[in-house]
Structure formats: C-alpha cells, structure tokens
C-alpha cells in the first residue's frame, strides 16, 4: 500500500466527502469514540472550530497515522457511510492482494506436494460451488452486533478436514469465498506450532507473510474482518486449560503457543476476529465449555460417486475397478469405510495386492479385519516371496507392541525411545517407513505416527494374538478382558474405534489361517474364552445406568462371522441398549439380535435410516429384512419383558413390521415405552396391539404426537376387556382440552388403570372433565400426574372437589403450573378435610410464596394421610419454612418426605428445621439442595442430626457447594450415622411406598 494513503492529505480528501451536517456529526462521534477507546483527547474547542484540513492535521498530530485512519473508518461505519468505507477498503487492499498471491502460491505448492496416498491427484484442488456457498453461509453474520463466528470442523482422521482447509485458503486467495467478509485469512497448524518457542501472535502472522516485515497494525486494524484457521487442534497439548489470568491480550507479547491460541479462542485477544477450528470427532470438554461455538460442520468425505471415481482412477483397468467396487458395494460396512478417503486408499491398496496375487477378492471383502490383515501382512511380505522373513516378522511384532502401548496410554505420536522399548531398532526404521505403515511426523526428525489410527488399532489387536499382556514392556498395557470392558463401556476410551472389532475379527477361522501362515502360531482359543467370560460378567452385572454400549458388543461379534459363538455370546446378555444411525448399524444389530433368546429388556433408537416412503422411494428389501430380524427378538426372546423405542423415525413398511411382531402371540411384553417416535401409516395398528397383549401392564408415549383420533383409538383399545394395562403415560404428546373428554371416559370405564401421567400437555380447560370422571366412586386411579399442563388457580376448585369425593387417588403431581397462593389455598381446604385420602402432593414450581405456607401448614396438621410433600422451586423463603416447621413439629403431622430445594432459603431457617429434626418421629427425607446455606446453618443441622430422637435418613445437600470445613463436617456426620445419607440426588433414594 502506498505510504501517501495514510497522510493527512488522504484523510482530508475523505473528510471533504462529508456534507456540512455530516461533518458536524463526525466531530460529535469523534468526541464519543475517543472517550470510549480511552484515547488522549483533542481539545474540544479545537475540534469544534476545525476545518476539514485542520481536523485531518489534528488527527494525525494526536494519533499515529494508522490509528487516525482506524478511528475515521469506525466513525464512517457508525454514520452508515458504507461508500466511504468501501473506498478505504479498496485503497487498502494492496496488502490484501499481496498476501492473497502469496497464500495461493503456498497452498497450491502444498496441494501438489507428494503425499503417501496421493488421493489428491484424483480430485480437483478447487472448491466446488456448493462447498463455497456452504462455507460462506457458515461465516455469514447471524445477528447485528454478533459478527465474530467460531466454527468447528469436526470429523475422523482422514475424512478430509485439512484438505478442505487447504482448498478454502486457495479459494479465498482467488476471491471465490468470503469476498466481502474477510480481508485476511491466516492458517495455523497446531502440529507445527507446538514445536515453536514462546512467540507472539504478531510473529505467527509474520511467519505467514511473504515479506520479513508484516504490516501488523494494518492487518489487525479491522479485527472483525480477520479469520484464523486453526488445523489439528487436538495436537495442542494442554490447550484451553489456562486460568483467565494467564491469557494474553497483547499482540506483541511472547507467550507459549497454547496460551496464544487459547487467548484467541477465548476472545481475550482480538475478540472481534472469527475462527475456524478443525478437530477430531471427540470434541474436548474444555473446548465446549470455554469457547462459544457458532456452528459445527462435519465433512462428508467421499460420496458414492466420489468413491466410484476413486476406484476407477486407482485401479486404472476399468474391469478390475468395477469388480472391486461392486464387491465393496455389497458390504455396507466396507462401503461406509470408503467414505473416509484415507481408509478408501487402504482398502483399494489391499484389494490390489490380492488381485496381483490372484487371490479371491470376495474372501478379502468378508470383513473389515480381513481387509486390514491383508493390507498389513502384504506390506511385511517381501515382493515375490511366499511369506515373511524372520526380520519382517520381528518388525511387525515390534510394531504391534508399540501400537498396544499407544492405545493404552492414549499415545499416537512416538519418539525413538518408544520404538526401542518395544523392539524397533534403529536399523528397522527405514524399512518401516518404506512400508508407509509408519510415518515421520511433524517438524521433528525423531517423531513417528501410524499411517492412520485404525492401522494402530489393528496392530494393537494383533499384539494380543501374539503375546500375553504380561510380556509387554509397558505396565499400562492391560489384559484382553479389560480391553473389552473398556471398549464396551460408553464413557471409557471413546477414541477406540475398531480395536475391539479387530480383536474379535482376528478370531475368524480365515484370519486364524492367515496368522498361522504368517507367524506360525496364534492365541485365538484363549481369547475366545476371555470374551465369553467378559460378556458373562456384563450380563450378570446388568446395565442399570446404560453404561454398556450394546452396539459396540454387536460390532465385535459381527466381525467374528462365527454364528455358533455369536449365538452363545448374545445369550449371555439380559439387556441391550443401542442407537442405530446408519445402515451399517442396522445390519450389525440385525445380525446379532436374530440370535438373541435371553434378553429381558431392549432399548433402541433408529435415525437417518428409514426415509418417508412414496411412489418414488421405498425402504429397500435388504433393510426390511434387517429390520425384521431386529423386531423378531420380540417373539424369539421368551424372557423379553420391556421394550423402549426412542428418538426414532419409522417408514410405513417398517412400522407395520414392528406392529406385526408386537401383536404376535409369542410376544410377552409387560412394559412398552415409545419416546419421541414418528411413524407413517395407520397408528391404529399400534393401539390394536393391546388386543393381543394381555401381559402388557405399562404403556408410555413421550414426545410422540398423537391426534384426536389416535387418543380415541388408544382409549378404545385400553377399554378392551382382555387388556390389563395399569399404567399409562402420555407425556408431551400434543394433547388438547378436547382430548380430556375421551380420557375422562377411560377413567370412568376402565377398572384396571391405576396410573395416569398426562404431563406437558396443554389441558387447562379439559381438567374439569378429568376431575368430574374421578369423582365417580367406581374409579380406581391411584397416581395422577398433571405437571406443566398450563393449569391456573381456577382449576384448583375442580381438583379440590375431586380430592374430597375420590377415595382412590393417593399421588397428585401439579408441578410447573401457575397455581399461586390462591390456588394453593383452595387445594388446602380439601386437604384439611377428613375425607381427603391423598398421600403425596407435588407442587414444584407453582409460584407459591411464604403467604401460601400458612394454608399448607394448617393442612399438614389436619391431614394425617399426607406422607410426601414436594414444594421445591417456590420462593417461600425462610418465613415460609418457619410456618411449615411449626406444623412439622406438631404431633398430628405424619409427613415422611419434604422437598424444599431451591426455595430461597438461608441459614436463618436452620434453627426451625433443626427443631423439626429433633421433634418429628416420621420425617425421613429432607431436600435442601440449591439453597444458600452457610457453615453456621449446617452446624445447626448437624447438631440436630445427632439428637437421639432424629429419624431422618436422607438429607439433600450438595457437599461441593460448601467450603472444605463444611464438607468435612457433613462427611463426618455421614460416617458417624450409618443410617444417614447426604446427597444432592434425592430422586435416586427409595421413596416411601404409598
């Protein structure tokens, strides 16, 4: 950019463009802006009388040229003089054009440089138009005042994240994207940056600039028009863990790279700048917690046509290409793997190796393990030889040892000491690099990685077929059973993708033959026994918290392709819980479930698999067969008693298949839950299941839209004489007041229904109909849930009348309704009556105040049936609790459970609560979580807990809300009293039976 552009003459020229009134407003804005920016003030008297030329001189005199221009540009923006802003931009683009030319040259060179796989040679370096449009949309300002965007590109290794970023940089340098959005776009690779000594952001920018002296001041003058592209974020060790006090806001200050990038991401430095961050699938918790993420974009890799193009380019011979492609296309799993370009290269390389040896490709395509074993064993078999040499055998064994260590220590980059410890000598390294299975990594000469994490996983699995974990030089390497448990439990080792599958896949008969041929031995029988024992333990332990990922188990068993063992293994499981999100999941689940005969509980979801059917599309025959295998477990597993289907979309044909299995005489379900399920077809088919299922006792619909006709059909089915449903939940099902008429008929006519939950539906004016039905002496309902049903205080009159006349309802939940003190007063009139039989009342978040507690206190004394009272999330405060405590200490009060969470309580009320603890003979559970109690209040409560007459068994407090002294006090009290539990999760504690 020409130096004269920053002169006072250039500034004067722009000021001349302002009309008289605009020039006056410019001066007013100047006064305000310099105050906001805390800049040295130009005397207002001088500004006020200055001409355009004089004001330009004043600006240059009091502020440096660059700063003067930045202030002027900001004022132009405030005045909405976009034309002047654009003129400035055009004149400033000298630097931008210089940098764009450099970026284009740099990234074109990187694109053309030789890679291991050379995948890029088969595809154009230019970004497709649809990709350009999508990238532009990602960074389009969404709201005024919220310009900066932080976008995450998330995907597995090899999916093409770095490729996309390189294409983005080239497209930006050609003005194909972000043309009016970003003046400068800088690419930082964390893998390279982590090797740098402490540096500054200015230095990092200068590294990317074509000349030694980058115009930093100019570059950052409009930070809202800066984009920082950060690749391989997971390589940033210790990133985002720094306390706020360690962050840096100075562009010129030298700090460790992770601190600089953390300062950028957490908006301490250049908060107006936008960020594009590429990361592997497991998004670190600190990134989610510390960074405001605008959007997450997941690259799709190769689509089907890309895969076909790649096969044709790779094999050269069209006939061979189509032979390989068609075989892979027949396997959902292999075809899915080809979505990731690097894995597609591995698969094609493996097939090409087998072709050249005249092998049957169908055998190689039997499983993922077969592809990888062929790939790896061929790399370690010298060209023209029948088998490996002792040296290549040793090299592969050493590599397997290294891989196992890496998987257990979460290490994916290795130094030479790591290699030596596992038996890789220096002389082996060139040969291993020559196989391409091991690569040099980053800038350091002595740093190595496996070609892909899946190759590392395969080698780690292979280790267990060659040696015992006890023979490994690193103590972190554990036994097979621990590996399997870690693989099957959702919360552990989330980054293990294929490790368990490769381990079981290597037990396949054909794979054992390969192992015998290559190594002369293998340990398959011992491992099979360990897998059996592991699944037996999991089956006996159960899965109460949903910790075990049944799909992970299914994938491992599917990979074995051993029906006899699979049948034996799946029947060790009593529960299955899994999510089907693609066709591969569907195939794998179907394969295993068709052998199940011992399941007691099944919970699953199906998403993105079954599309809506019409004359143009239908569910494929193969998908329907797989779906039938999944549904058939309802009839083949004689012990299955509970089915939960959630977060699912079913097409008409799959819905019909499911309903047919549900109504089969061999289906003996007792509990059926349908949560957030949408289905095409006649819903009456589902309700008619009740005609055929006399064992069904519990039926639940949640977040599933039911029409008026649906409700009518459902209630007709529930009234079927042979039906035995006792519990019905229709939560958040879009019910309306009109539906209450049909439900009222159900309550009147059905003599088996004891539980009804219609929470989260807008029922309001329909509640009187329900209450009228419940006034009938013939109703048998015990539990009634009306939480968040948009009830008002007027509804309380009908509910009160019902409580007086009904002799069966024991549990009533009216939470999350605007009842207020007036509604509570009406309810309490009924509660005080001797004819009221209610045992449990939930009034959480009902907008009750301390004033309402007086009526509630009176009811507690009068009603000796009431055992449970939940009034959390109401601002009753210390005054309200004081009123309740007077009732709780009364000899006629029989309350056993009291919920006072988040009621605005302080330690002031602890003395009153303490008196309840020492006087009440019945109170067993008291929830005080989410209140602002301090140490003094807790001391008072603990003194009461030590009283010999105290009957409390559960005290609801979150220990971590208190200081160390108070936490120690609460822990000591728990240890002193073995019958006392102090927890912040009172819902998990067993309730008193009604």
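If you go along the chain as it appears here, the first residue is 1 and each next one adds 1.
Including glycine, each Cβ sits where the backbone N, Cα and C put it.
Residues annotated as ATP binding site in Swiss-Prot, with sequence analysis given as evidence: 155, 156, 157, 158, 159, 160, 161, 162. Per Swiss-Prot, domain 'Pyrin' is recorded for 1-94. The feature domain 'NACHT' is assigned by Swiss-Prot to 149-472, with sequence analysis given as support. Under the heading repeat 'LRR 1', Swiss-Prot lists 637-660. According to Swiss-Prot, the feature repeat 'LRR 2' maps to 698-721. What Swiss-Prot records for 722-745 is repeat 'LRR 3'. Per Swiss-Prot, the feature repeat 'LRR 4' maps to 750-777. What Swiss-Prot lists as repeat 'LRR 5' is 806-833. Look at Swiss-Prot and you will find 863-886 tagged as repeat 'LRR 6'. Here Swiss-Prot flags 920-943 as repeat 'LRR 7'. The repeat 'LRR 8' feature in Swiss-Prot is assigned to 949-972.
Recorded features from Swiss-Prot, shown on the structure.
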residue : record           : Cβ contacts under 8 Å, 6 or more apart
155     : ATP binding site : 161, 280, 281, 298, 299, 301
156     : ATP binding site : 280, 281, 340, 497
157     : ATP binding site : 280, 340, 342, 452, 453
158     : ATP binding site : 340, 341, 342, 343, 452
159     : ATP binding site : 299, 301, 339, 340, 341
160     : ATP binding site : 299, 301, 341
162     : ATP binding site : 231, 232, 278
Where else in the chain does the repeat 'LRR 8' (949-972) make close Cβ contacts, counting only residues six or more beyond its ends and a cut-off under 8 Å?
899, 901, 917-930, 933-935, 938-939, 941-942, 979-984, 986, 989
Could you name the residues, excluding 155, 156, 157, 158, 159, 160, 161, 162, of the same chain that surround the ATP site, i.e. Cβ within 8 Å of the Cβ centre of those residues, in sequence order?
163, 280, 299, 301, 340, 341, 342
Stretch-averaged pLDDT - the repeat 'LRR 4' (750-777):
95
Can you work out which residues elsewhere in the same chain, 6+ from the ends of the repeat 'LRR 1' (637-660), have a Cβ less than 8 Å from its Cβ atoms?
574, 579, 596-607, 610-613, 618-619, 624, 627-628, 631, 666-681, 685-686, 688-689
Per DSSP, how many helix, strand and coil residues does the repeat 'LRR 7' (920-943) have?
9 helix, 4 strand, 11 coil
Beyond the flanks of the repeat 'LRR 5' (806-833) by at least 6 residues, Cβ under 8 Å:
754, 759, 774-775, 777, 779-797, 799-800, 839-849, 851-852, 855-856, 858-859, 862-863, 866, 868, 870, 994
Let's see if you can do this one: DSSP helix, strand and coil counts over the repeat 'LRR 6' (863-886), in that order.
10 helix, 3 strand, 11 coil
Of the residues in the repeat 'LRR 5' (806-833), how many are helix, strand and coil by DSSP?
12 helix, 4 strand, 12 coil
Three-class DSSP secondary structure - residue 158 (ATP binding site):
coil
DSSP-assigned states of the repeat 'LRR 4' (750-777) in counts, ordered helix, strand, coil:
11 helix, 3 strand, 14 coil
